[in-house]
Amino acid sequence: MAYRKRGARREANVNNNDRMQEKDDEKQDQNSKMQLSDKVLSKKEEVITDNQEEVKIADEVKKSTKEESKQLLEVLKTKEEHQKEIQYEILQKTIPTFEPKESILKKLEDIKPEQAKKQTKLFRIFEPRQLPIYRANGEKELRNRWYWKLKKDTLPDGDYDVREYFLNLYDQVLTEMPDYLLLKDMAVENKNSRDAGKVVDSETASICDAIFQDEETEGAVRRFIAEMRQRVQADRNVVNYPSILHPIDYAFNEYFLQHQLVEPLNNDIIFNYIPERIRNDVNYILNMDRNLPSTARYIRPNLLQDRLNLHDNFESLWDTITTSNYILARSVVPDLKELVSTEAQIQKMSQDLQLEALTIQSETQFLTGINSQAANDCFKTLIAAMLSQRTMSLDFVTTNYMSLISGMWLLTVVPNDMFIRESLVACQLAIVNTIVYPAFGMQRMHYRNGDPQTPFQIAEQQIQNFQVANWLHFVNNNQFRQVVIDGVLNQVLNDNIRNGHVINQLMEALMQLSRQQFPTMPVDYKRSIQRGILLLSNRLGQLVDLTRLLAYNYETLMACITMNMQHVQTLTTEKLQLTSVTSLCMLIGNATVIPSPQTLFHYYNVNVNFHSNYNERINDAVAIITAANRLNLYQKKMKSIVEDFLKRLHIFDVARVPDDQMYRLRDRLRLLPVEVRRLDIFNLILMNMDQIERASDKIAQGVIIAYRDMQLERDEMYGYVNIARNLDGFQQINLEELMRTGDYAQITNMLLNNQPVALVGALPFITDSSVISLIAKLDATVFAQIVKLRKVDTLKPILYKINSDSNDFYLVANYDWVPTSTTKVYKQVPQQFDFRNSMHMLTSNLTFTVYSDLLAFVSADTVEPINAVAFDNMRIMNEL
C-alpha cells in the first residue's frame, strides 16, 4: 500500500515558519475532527471561512520561543494585509460552498412512501344512526329506529351538481385507500364480551356499545354481542375479526384485504434493491448482518418510467424538476479535501510567470479569483448539473487567457450539450480568436449569429496542425452516450474522459499551440499565452486525476437515479465562472473523495420515494379524469384535477404553471390507462350510487312540481314534510334528459293542465324547518321560475319539517292552518340498519411487519479513499 507524506508537494521555498504554522494547524484540525465530521454529515451546508484558524493563536504563541513568535506574528500580519485578495485554507479542511434552497430540498426529502401511515380503522362511508319515529299527528314517539346514514354528508347547499359529490367521494376513497391492512393492529376490546374478546376496530366497538344499551335491542342480539370475539388459526397465520359494516363498506374493505400490495421480504430482495453498480463497486463494502423473519413484508416501489414525457414540451415543469434534482444532487456531491494551499499555489504561479513590476496587465489577471471555495463550488456544480441534466452557462473575461485555457479543459471533459448554445459559442469563439488562430497567424474568425456550426467545428476544418485538429474533433463529438442500465436511461461519459486519457490529447494540442510563433501578435502576447499554457501543463498529472475523480463521482451517484435522464435544454441555467474552473484546475490536490455509503443510500431513497409518489399521483389523476368523464363532469373539473395532481407532487408552484402546459398535461393524462385497483373501486361506487344517495340528508332522487299548492304529508322519519316516498300517479320526466335537450314545453303543458310533474334524478335540496319562511316563499312558485328561465338547474326544492320539535308547531295547531307547498321532494327511504345483515367476518394475516426502508438492513463501508479504484481497476487518483 502506498503512503503519502503530508505536505510533500509543497514548494522548497516555503520557509520554516510556514511549516511550523502548518503543523500547528494540523494539530488544531485533529482536535476539531469530530466537529468537522459533524459538519460534513449535516445536511445543511455552510461556507467555512478562514477566521477559525486564528482562534487559538495566543496559546500557540506562548508555546513557541520568543524568536519564533516574532516570526509567526510577522507571517500573520502579512496574511491580514492580503486577506481581501487571497483566502488561505488549512490542509485537510473541507470547504462546503453551496447553500441549498432548503425549502425545495426539504420538500423532496419529506416525500415518504404512503404505506408508512398506519391504518387504525376500517374504511367506512356509512354509519348507523338512531332517528326518532313520528306519530300521525306529528308528535315524536319515545321509540327510535336505526338507519344507515353517510358519515360525511358533505354536499353543500345550493346549486351544486350531485355528480360532483360522487367525484369528490371517489377522490376521498383514493386518498384513504390503504396499501395494506393488518387487522391485528386496529383491533380493540369488545367491552360487552364475556371473555375479553376483540372486534375489528374502535367504530365497530362503539356501534356494539350503542346497540347493547338500546332498550329496544332484542335479547338474542345482546347475547350475540357478548359472544363476539376474534378467531385465530395459528397454523395458517390467519385471524378472523367480527365487524359491523354496511354491505358497501364491507365490499370496499374486503377488496382492500384481497388486493394488498405487500410482498414477502428476504435478503435477496434487499440485495437486489441496491443499485447493481454500487453492489459491484469494489470501493464499497456492503454487509447484511441480519436474517429477516418469515413475516417480513415490503411494498414494491412503483418505478415505471415517465409516462407523461415531461421533458417534451413542458418547459416550466421540466425546469422545476431539474432544479429540484440539481439542488438534491449538490447536497450529496462530496466536498474536495486537501486542496493545495491557495497562497502557496499563487506564489508558485507567480514564480512560473516571473511576475515583475513591468509585467503586462494580462498576466496579473491569471491569479485573480483563485480560491478553494470557488474550486469546490465548481466541482459540485459540474457533477450536479450533469446528474440533473441542468443546462449551464459560462461567465468569463476574454482578456484572462488563463480562464480560456482552463475553459479548454472544461470543454474537453464536459459534453457540449450541457452548455446553453449561446454561451458555448461565445466561449469557443473567444478561445479560437484569442489562442488558436493567433498561434497559426490566421485572421480572426467572424462568426455569424445563427450559424448551425460552432466555432470549433469551423476551426476543425481550417486548421492543418494534426494534434490541434484532433483535439477539436474530440470536443466537437463529445456527447453523452445513452445507455439503459437496470431499465433506466443513463447519460454516460466517453471512455476517454472516464480514464483521463483525453487530457493527454488536450496537452498535446496545448503544447503545439505554445510552440507556434504567433506571427501577427506582439511578443508579450505570445509570452502571456505560452505562460498560461505552461501553468496548466505543469499540472498534467493532477488534471488527469481530476478528470477521473469527476467521472467516478458522477457515475457512482448516477447509479442512484431511478428516472430516465432525458437531456433537454432547460429554461434557466446554472452559471459557471471560468475563474472557478481555473481554481479547480490549479488547486486540486491528491486526496481522493468519494460519496459515503450513507450519502448514496440517502440519495437513492429520496429518488425512489419521489419517483414512486410521482407514479401513484399519475394513477390517481388518470382515475379521477376517467371518473369525471363517466360522470359527465369532464369539462367542468378538468383544470382542477390537473392542478391537484401537480400540488401532490410537492415541488411545483402550481399558480405559475402556464395554461398551455396544463392543457397539454391533461391531454397526456387522458391517454393513459386506469390502474386496475382504482378502476374496480370506481365501479363499486358507480354500482351503489343509489344506496349512497338514499343515505344522504342532502340528496333527493327527484322533485315533484305542481301549478297549485300540494298539502304536506306526514312522514315517519320527519313529521309533516313535503316529502314524497313514491311517485305513483305522477307523470315522470328524466332530469338528465331534460337538461340535455333543454325542451321544457312538455312540463309547461302538463302544469297548465294542472297535472303535477315528477322530475326524476339526483339533485340537492335545502333544508328549512321554519313555517314562517314557508309562508313567505309560497308566492314565488317554481312554475313561474321554469317558464321564465327555462333552467331546471335553478330549481331548489325545499325540505320543510313541521313536527313536535318545531317552534312553529303550535302555530299550526292553534290556527288550524294546513301548510302546503308547490314542490315536493322525492326522497327514497334510507336502508334500515339490520344487525344480522351488518355482521361480517374479516380475515387477514395474524401478523406481519412492513419495512419501508430496506437499506436500513445494509451496513456499508468504503475502502480507504487513497486506494479507491475506477472502472479500469486503477486508482482514481494516481498522482501521489
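For all residues, glycine too, the Cβ spot is worked out from N, Cα and C.
The compositional bias 'Basic and acidic residues' annotation in Swiss-Prot covers 19-30.
Residues or ranges marked as region 'Disordered' in Swiss-Prot: 1-45.
For 1-80, the entry in Swiss-Prot reads region '5-fold hub'.
Here the region 'Hydrophobic' (394-414) has long-range neighbours at 362, 365-366, 368, 382, 386, 423-424, 426-428, 430-431, 434-435, 456, 471, 474-475, 478, 493, 497, 502-503, 505-506, 510, 528-529, 532-533, 535-536, 543, 547, 550-551, 575-579, 581-582, 584-585, meaning same-chain residues at least 6 beyond its ends whose C-beta is under 8 angstroms from one of its own. Annotation comment: Swiss-Prot describes 394-414 (among others) as region 'Hydrophobic'.
Within the same chain, residues 392-394, 396, 398, 401, 404-405, 407-408, 411, 416, 454-456, 459, 462-465, 468, 513, 516-521, 525, 529, 573, 578 sit at least 6 positions outside the region 'Hydrophobic' (422-442) and bring their C-beta atoms closer than 8 Å to a C-beta of that stretch. The region 'Hydrophobic' annotation in Swiss-Prot covers 422-442 (among others) and rests on sequence analysis.
If you look up Swiss-Prot, you'll see Ala220 (among others) marked as site 'Interaction with the intermediate capsid protein VP6', on the strength of sequence analysis. For the recorded site, Ala220 (site 'Interaction with the intermediate capsid protein VP6'), the DSSP three-state label reads helix.
Residues annotated as site 'Interaction with the intermediate capsid protein VP6' in Swiss-Prot, with sequence analysis given as evidence: Phe224 (among others). Other C-beta atoms found within 10 angstroms of the C-beta of Phe224 (site 'Interaction with the intermediate capsid protein VP6') number 16, with every protein chain shown included.
Counted within 10 Å of its Cβ, the other Cβ atoms near Met228 (site 'Interaction with the intermediate capsid protein VP6') come to 22, all protein chains included. Annotation comment: Swiss-Prot describes Met228 (among others) as site 'Interaction with the intermediate capsid protein VP6'.
The site 'Interaction with the intermediate capsid protein VP6' annotation in Swiss-Prot covers Met839 (among others) and is backed by sequence analysis. For Met839 (site 'Interaction with the intermediate capsid protein VP6'), the number of other Cβ atoms no farther than 10 Å from its own Cβ, over all displayed protein chains, is 17.
The number of other Cβ atoms within 10 Å of the Cβ belonging to Met841 (site 'Interaction with the intermediate capsid protein VP6'), over all protein chains shown, comes to 12. Per Swiss-Prot, site 'Interaction with the intermediate capsid protein VP6' is recorded for Met841 (among others).
According to DSSP, the secondary structure content of the region 'Hydrophobic' (422-442) in residues is 18 helix, 0 strand, 3 coil.
On its own chain, Ala220 (site 'Interaction with the intermediate capsid protein VP6') has no residue at least 6 apart in sequence with a Cβ closer than 8 Å to its own Cβ. Comparing Phe224 (site 'Interaction with the intermediate capsid protein VP6') with Met841 (site 'Interaction with the intermediate capsid protein VP6'), their Cα atoms are 14 Å apart once rounded. Summarising model confidence by region, the region 'Hydrophobic' (394-414) averages a pLDDT of 92. According to DSSP, Met228 (site 'Interaction with the intermediate capsid protein VP6') is assigned to coil rather than to any helix or strand. Between the CA atoms of Met228 (site 'Interaction with the intermediate capsid protein VP6') and Met839 (site 'Interaction with the intermediate capsid protein VP6') there is a gap of 10 Å.
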